[in-house]
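Asker: Here's the feature list from TrEMBL:
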BINDING   63, 67, 303, 402, 406  Na(+) binding site
DISULFID  165-173  disulfide bond
TRANSMEM  54-75  transmembrane segment
TRANSMEM  81-101  transmembrane segment
TRANSMEM  131-153  transmembrane segment
TRANSMEM  220-238  transmembrane segment
TRANSMEM  250-280  transmembrane segment
TRANSMEM  292-316  transmembrane segment
TRANSMEM  328-350  transmembrane segment
TRANSMEM  390-418  transmembrane segment
TRANSMEM  425-445  transmembrane segment
TRANSMEM  457-480  transmembrane segment
TRANSMEM  500-522  transmembrane segment
TRANSMEM  542-562  transmembrane segment
């Protein structure tokens, strides 16, 4: 470290000798350097106990419930095996570049996502909006964990409760354990429904047909499960990043142990191979369908948890010189391979279900989204001839662990933002407060109309907000802060030159594709519904208000930041708001001194650029 500091000092001397005008530039900025040093004291920040804990924590965050229940169904709807091709292309052009960008920013700044936007103060509202969306996602993600706990407990029964009909479900119920086409053909009174589906909707959710007359009161069995979920989360978070880092070993590895067991079991089931082939069989004509590419981009975007502030937060606890390049490649590859592995497991078992029900159309036995995890899979597992309870426990325990891993990351992001602002608050208090607030808000999802609200919040409070803010983030980092400066920061931190692939993706390809996704989603927008049921107009208005609060953070904080600048005219204030703050850079004072010394030479050379065309070219290729 000292030798690097000496080299930079020598570089300053060389510049001052070679260019007399540079000497005056450096002299004029000495006061700024001192100010920056003083303003960035050696404030200690928690670090991972071991560097590998960052890798495991990111895997636990990214590999979540979406890999198990969303990816297989999305792939099936969009070309089966052919969907893997655009999915991998999107991984290389969007997922991996954005993932690397966020990790680099977090590690370089050693700050949470709010303070990390000191790089472009004008755009700090992006981070506030992301934290808002993450907080909303945390509340309903815990509710999904509550459902998993409910099923996990039910799996311990001597007979799986979703495998048989209960009298109150009526004559149209078809027992899952005896489900076949004979029952379907002899049922004339209406559409038959499996006991697994009725167990989920009638017993677990007690779901309403609509919410025109309100969402109802909480189901107290789900309330207790929700309380258990938040107790687990708070227990892991209570001691800070070190305790969650230790938990990451189990949270990242255990799901793969269960997946291996389930894959071996799935491959031994009659008809399972047909299900896997059905899942992976390419439908090449789908590659020309824009819906397939749209689905691939959105799946990759939310599977990796990019542009939600969580990756910046996790990376902020790394050692400054940690080479995260290898970690990014590993994490993004593992996430994609896990999605494909989960698809093989799910469709192997659904292939067996099709075999048992004597149907060749596996699409008829598949329900997407939560239904895949809480209806289709339980329905299939109830037909296992040997030890169905064991495999039910393994599956729902795996879902619970996946949910905990993701929720730990999201909750930590919110807590870190608050702690960065109020450093005197003890971590246990923040973790406990997060749990209490999350539990109270989550009660709405435990009502008979809770799934209607969950569906609404997922779309308007998370997905739609994140899409807008992701584009703004890419523009802010790649063009306002600049790809060139980001690459200079990477070289200062890691000693690595950034290749053309990363530069072009950051500056052109990734924001361009994300913008096309936004335009496509707006053109094809249809009023959101739940199982074909439209929401009341008042609920739609409330949903758009939720969206506006998240996206509105960007203009609100932009105007606030401009108003706080010292310039006399609006143009001067805007110019200052676009520049990094005086204390932007490494958190450690000595590293900040080195960085400021390096920036003086870079800033001087950059000032010689003449035209905007030269600046654009230099930003990408310089």
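A Cβ is built for glycine as well, from the same backbone N, Cα and C atoms used for every other residue.
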Asker: Residues sitting near the transmembrane segment (220-238): Cβ under 8 Å, six or more positions beyond its termini, same chain?
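Answerer: Beyond its ends, the transmembrane segment (220-238) has Cβ neighbours at 142-143, 145-147, 149-150, 153, 204, 244, 247, 403-404, 407-408, 411-412, 415, 427-428, 431-432, 434-435, 438-439, 442-443, 445-446.
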Asker: Restricting to CB pairs under 8 Å, which listed stretch, 54-75, 131-153, 390-418, is in contact most with the transmembrane segment (250-280)?
Answerer: 390-418
Asker: Compare 54-75, 425-445, 500-522, 542-562 by their Cβ pairs under 8 Å to the transmembrane segment (131-153) and return the stretch that comes out on top.
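Answerer: So the stretch in question is 425-445.
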Asker: Round to the nearest Å and give the CA-to-CA distance linking residue 402 (Na(+) binding site) with residue 173 (disulfide bond).
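Answerer: Roughly 32 Å, rounded to the nearest whole number.
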Asker: Whole-number Å only: compute the distance from the Cα of residue 303 (Na(+) binding site) to the Cα of residue 173 (disulfide bond).
Answerer: 35
Asker: Per the 3+ Cβ pairs under 8 Å rule, pairs at least 6 apart in sequence, do the transmembrane segment (390-418) and the transmembrane segment (425-445) touch?
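Answerer: Contact between the transmembrane segment (390-418) and the transmembrane segment (425-445): present.
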Asker: Do me a favour and check the Cα-Cα span between residue 67 (Na(+) binding site) and residue 173 (disulfide bond); whole Å is fine.
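Answerer: Given the Cα positions, residue 67 (Na(+) binding site) is 31 Å from residue 173 (disulfide bond).
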Asker: Give me the long-range Cβ neighbours of residue 173 (disulfide bond): same chain, 6+ apart, Cβ under 8 Å, in sequence order.
Answerer: 165, 166, 192, 193, 194, 195, 198
Asker: Taking the recorded Na(+) site as 63, 67, 303, 402, 406, identify the other residues of that chain whose CB atom sits within 8 Å of the mean position of the site's CB atoms, giving them in sequence order.
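Answerer: Other same-chain residues with Cβ inside the cutoff are 61, 62, 64, 65, 66, 68, 335, 338, 405.
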